[in-house]
């Protein structure tokens, strides 16, 4: 499918001729895509240090090769129920304003190259919270891929204060 | 070197450069005023900057040169002698600058020779100048200066060609000038350029000694290439070599030798910072290795590891040293500031600085620089009195500000003391009451040390406040914040009439600190060792056991009661119930003068930790100052004792002995006190009303009361305010003064006429309801006396018939049902009319259980307003239960609380509580209710 996509755009040279690459992650059976240039690494989030009194979105702090990474639970960020506690949690390493974050997800999938062709703005009736955090949707075969706006996802600080 | 000084050096060498060139041009074209004024301006700037930086030698030189040039401007003929002299002066300045660059201090020595010459020339008129020229070959006594020979230049020149601009002179000046020029304009780094500067001057003597002036240009020229040698060391020996020719130069030369012995190299700060980070990481890794080695007793790593450990420690120390700077660099500007302030304020102030060589981390230095300046300014401005005042007080006219820095343990102590008038505690007390930082009674009871702390209160010292308080003022809160930011503390000692002492304690460095690793429940935390005074093991039945006063834990420690903060409780960890928390260790800490104990479950060991800053997402939590990675790789949070102390302090201010933790306390033993205004108004018994409902207390002239339509009114703040007697038996006075308790709501005001205002008290409200009278909520025992608690809601409609009906939110809300939960019948009665007035159908309940029953009865509830602090299951428990029910998942909840902590807010946010409203904030409540209405969904979305 990826190859097909690639060929299509290469031939047609459509308006967004560039292919964008996304790392796909699964959260509560929904597939999300993160722009690959924002993803530093993917790791297992183990031995989390919870931070008392912290915003609920923050799952804790963890040591990633000598750096302290703030783990943000994507489920909580999206207003979903907490994942059933079992086994290791996967995290996607991101950087935002010079700080390291780990976005906790259910699982990490593949890297997809997508063209603008399949991209659409978020449906109007989507949960407004999700709309705020996303950059539209890609129509894939059989499923939809919501593109996450990394900066918006990690910008809960200001939002929380406003509320 | 100080940034300021560096800038000055760069700038001044540029200026000197220009002056050199311009002077020569000027000599050729003495009538060009433009050139002259340009030179004049540049020299003036140099003079000004030198004065600002406290460089008297340079300043006086520049000043003398400026004076002479001023004379040129006034029409004194421009003689080559004069120009030469000025150029010589410039050279001297450059030489001093070079020394300044090397040692960051103005070299010892005097310039009476040059200055005398300059002054003489400036004061002389044309004829005497010319005449004197011949008679003045050696006007100065045996000089002590290396620069003495350049002085010889003018006389020699004069002897030969008095009063004229000769070709030789011009050429010499020309040749002398370009030398430095080349250096300055070269792209080479500035230090090298300046350091190379002295060379031409130093070479000059050699040339002059054996030869007469006309020959001078050649040697000077010959030496010029040497001057360009990039290293100071190269130039210096040359200077020394020549010094031997002239014994009088030895002093200066010896000085030069001393300086060159200390080999220094300039390193970019970033390089050092990077080095520091790497060493920090190394320390971490070493710790990890040690941890591993500890687990495997018998391995061959032990010895090399020990060595590694030692080397690391030494390396760490060494790198730390590179970052150290004497605190004096932060003080450099202070004498000047004091000097300026003295003249500005017309005070006589002496600044004494001790321990300027005390070294501390440059990062720390940066942070405390501004606070220090600020505090010195404050001491001069507010502390030291005017000379007359001081005389009257029997003190010497000259005020004294002492700045003292010294090492003490792992910290640096800086004391700023003045012998001024001290803090005006009365004014601060008054101001504190005015600002609502506490009730009069509370503040009256506070010790002076506690009162003094108010000056650090944010906003306590607005411009207005400074005049009113006449104490310390502007921005002390910023000072405190800055210092606390780096883990420091500020203390104030002040005696009225004798002066104040501020003691600042700051850590030596911020990057690596020793910390005690403790456990609270199942998690580890680090507490900076600096803050730990001692550890006490507490156990039930042992010598040291935690006791409780009204539910608040305390520890008897050497016959004193120590407030105890259970870590698990402040951290909001689960299972922090009253009893389980009483065993473990008490970490006795002190912040400022506040001593307290942090109760933890376990203590492990101390460890050197590398402090990493908190994520911006977590920085709002006051309890943590950062985080770190321990030897075993785990991330732990560093507890900030200042944050904990704040909880202790705020608890005190609330007179509840506890900590400001309404959300976290198991409210069973918590008793809430209410501040009441007690007054007499009809009948024998006292009456009271919660002070927070009262807008103002007034005493008005009874003659001003007007009667309109049989109702008493008074003109109040440009409006008519209806008066209502507190009791039908009260007769509103027609003469004398009438005491009024003013209530207001929006722009409506009413005055409750009372006989007499008795007191403001803080007491536990235990109301017995009185159902038969609507003007009373009930009665309670206040300060041991039966007191009737007035129902304000009863009076409001008497004053304004539309009071309870008013308010725009009402109309739309009519159909909405509101569940009010509050354990206090007083508040229920207080709030019900308000809520009804806002258009809600109100169901009032007194406990979480009761509320849940109402909710379970399948009543349609549109909004819940609940008290947070309630006995048994508190408001949070209620909301948790509510949120657990799908049907009520989205019901807006407004929480009422008398004190709100960040933790409580946090918890509220998690529970999607729309708003926290102070208990008496009626308009806030109504506004919050109005907000829950328009679109419940979005407001919830925002809240969560």
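Including glycine, each Cβ sits where the backbone N, Cα and C put it.
The DSSP breakdown of the domain 'HPt' (B:1-100) into helical (H, G, I), extended (E, B) and coil residues amounts to 86 helix, 0 strand, 14 coil. The domain 'HPt' annotation in TrEMBL covers B:1-100.
Annotated compositional bias 'Low complexity' per TrEMBL: B:203-212, in sequence order.
If you look up TrEMBL, you'll see B:213-234 marked as compositional bias 'Basic and acidic residues'.
Positions annotated as domain 'Histidine kinase' by TrEMBL: B:306-510.
Under the heading domain 'CheW-like', TrEMBL lists B:512-650 (among others).
According to TrEMBL, the domain 'CheW-like' annotation covers B:673-801 (among others). Per DSSP, the domain 'CheW-like' (B:673-801) is made up of 14 helix, 75 strand, 40 coil.
Taken from TrEMBL, the feature domain 'Response regulatory' covers B:817-934.
Under the heading 4-aspartylphosphate, TrEMBL lists B:867.
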Inside 10 Å of the Cβ of residue B:867 (4-aspartylphosphate), count up the other Cβ atoms and send me the figure.
27
Where, among B:1-100, B:673-801, B:817-934, do we find the most CB pairs under 8 A to the domain 'CheW-like' (B:512-650)?
B:817-934
Composition by DSSP (helix, strand, coil) of residues within the domain 'Response regulatory' (B:817-934)
55 helix, 24 strand, 39 coil
Can you give the mean pLDDT for the domain 'CheW-like' (B:673-801), rounded to a whole number?
75
Checked against DSSP, the composition of the domain 'CheW-like' (B:512-650) is 20 helix, 75 strand, 44 coil
